[in-house]
Amino acid sequence: MVGAAGDDHNIIHRMAMEDPIPWYKKPYLRRMYFLLFPCVIGIEMTSGFDSQIINAAQLLPAWKSYFGNPTGAYNGILASALPLGSVIGLPLIPLVNDYFGRRWCIMFGSCIMVIGTLIQGFAFNGVMYILARGIIGFGLPYAIVAGSCLIGELGYPKERPILTSLFNACYFIGAIVAAGCTFGTQKIQNDWSWRIPSLLQMAPSLLQIGFVFFLPESPRWLMSKDRFEEARAVLVKYHAEGNADSEFVKAEYVEIKTTLEMELENSKRSWLDLIRTAGMRRRVLIGSLLGLFTQLSGNVVISYFLGDVLKLIGYTDPGFQAKYNLGNQCWSLICGVSAALVVMRFRRRTMYLTGILSILGVYVAWTACTAVFIVNKSDIAAKLSLFWIYAYSPAYNLCFNALTYTYLIEIFPFAQRAKGIAVFQFWGKAAQFFGTNVNPIGTQAIGWKYLLVYCCWIFAEAIFIWFLWPETSGRSLEELAFLFEDKEDYARRAEKAVTKTVLHLNDSDKHSQSQVVEQEKV
């Protein structure tokens, strides 16, 4: 448990955790959280929708016929055009995010995605379809990077890890809608069977466009632009329910302001900051590996090429494949939300190591069952393979889904947060591009033996996580800003400023109370 094992010496974290009033009894905070879902936390619905658009579209006869029954490399580029577009757009994301603010960056990315979706829905050949998916991919990381930053920087510390963990869980909402929609439209005997789901992919982006400016801007971003009173107003309204005399907000404001001053005085706000110090280089290494791990842990095989996987074990009926796929997405949503809700109860390293070892166990068992079916045509082995595909979801969600953005926001300080998440996105999208191109070729060339490659790679991932991943639970974002640096020179300056503020407030309270007592005596 974090409460027992975590590092609770941070004053802000301790004050937040000791707050007895739950979020749903705080009107302003409750309103902000409800707004976060459609316009920020729901950003990842687009990613989930996209994975199932490709996965489910490959089961539609009309889609196959329209695009010339794509297989191998052609099938791979149809799926991988989106991550390719993301990689192209990533270098400019921190500039837009840090200069124009989190909300405008979300708006920009969402508008790009709407344009791409319209082109995708009305594509008249494969080239236009691939181009449209590249445009969607270009806009998606703008919204993801800004949205994940905004959640972490707006959330009350008591709920922040849960909110950032739910960010990725919304992937499955988009996947369920896409799988269900495509399952319904497969009865349409023309091109609209795939055009309707393709056009519906703009729904999350329209929500973001419609609601994002109802949210406040990040108080940390406002302070970085010397808009201190606006930042204080946001903190007072949403972290203290309008109480300008709140001890917590005064201490939080001092910690954020002091930490930002130290960060920015040692930062040139350029990409070179990411390699300037040993601490930043370690952050970049972890962020890069995390990007690779989230896409190369065997999940792309299930997300994008489930039809091919089911064919390996004898399930070739498109109707069964569509139902199985829809059920798997619903099950994954349950697993994703459940993992997000328990993120405060366990250490980050514990969840990561438990998750990756579980993924390894599932993949080894799944590979073995698939091999037995292919060699012996065992019906029991085929059914066990179906079970192991479902068992993959809780294992993956426990670490890579629930913790990804929570962990990224915690290990990267404000000045480099957008760049750090952009680096993660680069490696994640590059890995996704690689996987969506290589997986269909690999499964077609060597069949079930291709799964052995993932078994070996997942084992390597576990070793990297064991040696490189630091613990981050039980601390505020500002304390974590100096996770790899000399705390004597940096973190303690912020801690002393907060302590001084709290002690001053306590002394003022005691003085006021003594005055009241004296007046009562008189």
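Backbone N, Cα and C define each Cβ position, glycine as well.
Annotated features in TrEMBL:
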- 33-54: transmembrane segment (TRANSMEM)
- 36-473: domain 'Major facilitator superfamily (MFS) profile' (DOMAIN)
- 74-93: transmembrane segment (TRANSMEM)
- 105-124: transmembrane segment (TRANSMEM)
- 130-154: transmembrane segment (TRANSMEM)
- 166-186: transmembrane segment (TRANSMEM)
- 192-215: transmembrane segment (TRANSMEM)
- 284-306: transmembrane segment (TRANSMEM)
- 326-344: transmembrane segment (TRANSMEM)
- 351-375: transmembrane segment (TRANSMEM)
- 387-409: transmembrane segment (TRANSMEM)
- 451-469: transmembrane segment (TRANSMEM)
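Two recorded stretches are said to be in contact when at least 3 C-beta pairs lie under 8 angstroms, sequence spacing 6 or more; the transmembrane segment (166-186) and the transmembrane segment (387-409) meet this definition. Cβ atoms under 8 Å from those of the transmembrane segment (387-409) belong to residues 148-149, 151-152, 160-161, 164-165, 167-169, 171, 287, 290, 293-294, 297-299, 302, 306, 309, 328, 331-332, 335-336, 338-340, 343, 348, 351-356, 358-359, 361-363, 365-366, 369, 417, 420-421, 424, 472, 477 of the same chain, restricted to positions at least 6 beyond its ends. Summarised as a single figure, the pLDDT of the domain 'Major facilitator superfamily (MFS) profile' (36-473) averages 88. Within the chain, the transmembrane segment (451-469) has long-range Cβ neighbours (under 8 A, six or more residues past its boundaries) at 282, 285-286, 289, 293, 296-298, 301, 348-349, 352-353, 356-357, 359-360, 363-364, 366-367, 370, 442. Contact check: the transmembrane segment (192-215) against the transmembrane segment (105-124) gives at least three Cβ pairs closer than 8 Å, residues 6 or more apart, which meets the contact criterion. The stretches the transmembrane segment (130-154) and the transmembrane segment (74-93) are in mutual contact, each linked to the other by at least three Cβ pairs under 8 Å (pairs 6 or more apart in sequence).
The recorded stretches the transmembrane segment (351-375) and the transmembrane segment (33-54) do not share 3+ CB pairs below 8 A when only pairs 6 or more apart in sequence are counted, and are therefore not in contact.
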